[in-house]
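J.: One structure is given below, represented as structure tokens, and several questions about it will come after.
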Amino acid sequence: MRSTAVLALLLCAGQVFALPVNSPMTKGDTKVMKCVLEVISDSLSKPSPMPVSPECLETLQGDERILSILRHQNLLKELQDLALQGAKERAQQPLKQQQPPKQQQQQQQQQQQEQQHSSFEDELSEVFENQSPDAKHRDAAAEVPSRDTMEKRKDSDKGQQDGFEATTEGPRPQAFPEPNQESPMMGDSESPGEDTATNTQSPTSLPSQEHVDPQATGDSERGLSAQQQARKAKQEEKEEEEEEEAVAREKAGPEEVPTAASSSHFHAGYKAIQKDDGQSDSQAVDGDGKTEASEALPSEGKGELEHSQQEEDGEEAMVGTPQGLFPQGGKGRELEHKQEEEEEEEERLSREWEDKRWSRMDQLAKELTAEKRLEGEDDPDRSMKLSFRTRAYGFRDPGPQLRRGWRPSSREDSVEARSDFEEKKEEEGSANRRAEDQELESLSAIEAELEKVAHQLQALRRG
């Protein structure tokens, strides 16, 4: 029994120690907790929330902990607001940086509008001033010097036209009539019309003419610059062709070994070409005709060179003509078109002349190859070789004359002479064959070089 009583006492004592002590702090906390529960329950009571009792409101408002919590929440809200404001400001900064160019553009537009308004106002003021009698007197005074300047321009244009006619009246070849001679006549025929037009125009149209003249002069300068470029290109092409011809001649010159017979056949080939052009047949046989034929071809080349030089001089004279000679607007374009057509005709004529020249050179090369295959080197017995060559080519046969002068006295002498003659023929034949082989090789090389040069020239023409 005692043990049970002791255990019961111990349990009661433990319970007593475990119970909390009611202090004033704990009482205030319990009130606050009850009020908080009441507020939560009232706020959650739906659909009709209950109002909080005034005692709970007083306790909650008087508790510093709740006030600090509420203040902390307010601080958080304020911090959130500040963060949002900072983000907005950061987002607005690049927009602000982009705004100044727009503002500048707006300012520029405003300035332009102001300038336009000011210019419009100036024009209006000028119009009103021009309508006044003083302005009319001023215009009349300004028109007098403008007329003087126009007359001076006309005099200078006439002097330049006279100089241009003097330059263009030089000797020109009649083989190729040039249409370039029409340009000064056109300028002369059209310039009086322009002079009369300028005289008949009213003074009010003079400013408009002064405004149009720079455009016409610019068009004429462009046309002249294009003509100069085309002329330079032509001159460069001619120089290149002349250099190629000189190189081909230098290559072909040392390899050819002209002999008396080859030179005679060479001149005969030139004469045959000149026969086609209308020359007499007697020049192909006589020795004097050979020299005449050899001099005729260089003279033709000189005439053609002089013709080309005169054409270039005429074109330079056209370039040097004053701008006042060319009519303005569509007339200037027509003249440019005519000049282009004339240049095309000149190019075509030059191409035809070059084709003829190369065809002649090809014919001469073929004749030389055919001749040198049958020719041989010089031998001590010149008369025998000449007789052999004349028989091979079918010219006048001096064989009977040699036989008449060479008459053997006896049969033995004739037999010995025949044997010597046959031996000489064999020796000459072997020597001729060797020489012919060498010449054939050299001629084949020359022909190959000529073909290469011809192909290059054709490629240059096409290009």
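Heads up, the Cβ atoms here are built off N, Cα and C, so glycines get one too.
Keep in mind that what you see is a predicted model, and the values were worked out from it rather than measured.
Annotation comment: Swiss-Prot describes 92-116 as compositional bias 'Low complexity'. The compositional bias 'Basic and acidic residues' feature in Swiss-Prot is assigned to 134-160, 301-310, 331-340, 348-375, 409-437. Under the heading compositional bias 'Polar residues', Swiss-Prot lists 196-208. As annotated by Swiss-Prot, disulfide bond applies to C35-C56, with the evidence given as similarity to another entry. Under the heading O-linked glycosylation site, Swiss-Prot lists S430, citing similarity to another entry as support. Swiss-Prot lists S119, S220, S282, S308, S350, S383, S410, S414, S430, S444 with the feature phosphoserine. Residues or ranges marked as glycine amide in Swiss-Prot: G329. Marked as region 'Disordered' by Swiss-Prot: 88-440. Residues or ranges marked as signal peptide by Swiss-Prot: 1-18.
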J.: Let me check the 10 A CB neighbour count of C35 (disulfide bond). How many other CB atoms are there?
T.: 21
J.: What are the DSSP helix/strand/coil residue counts across the compositional bias 'Basic and acidic residues' (348-375)?
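T.: Counting residues by DSSP class gives 27 helix, 0 strand, 1 coil.
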J.: Using C35 (disulfide bond) as the reference point, find which of the recorded positions S119, S350, S430, S444 has the shortest Cα-to-Cα distance to it.
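T.: If we rank S119, S350, S430, S444 by Cα distance to C35 (disulfide bond), first place goes to S119.
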J.: I need the CA-to-CA distance for S444 (phosphoserine) versus S119 (phosphoserine), whole Å please.
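T.: Between the alpha carbons of S444 (phosphoserine) and S119 (phosphoserine) there are 84 Å.
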J.: Given the recorded positions C56, S119, S350, state which is nearest to the residue listed as 'O-linked glycosylation site' when distance is taken between Cα atoms.
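T.: If we rank C56, S119, S350 by Cα distance to the residue listed as 'O-linked glycosylation site', first place goes to S350.
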J.: If one measures from the C-alpha of C56 (disulfide bond) to the C-alpha of S119 (phosphoserine), what distance in angstrom results, rounded to a whole number?
T.: 83
J.: What whole-number Å value do you get for the CA-CA distance of S119 (phosphoserine) and S350 (phosphoserine)?
T.: 60
J.: Go through S350, S430, S444, our recorded positions, and report the one whose Cβ sees the most other Cβ atoms within 10 Å.
T.: S350
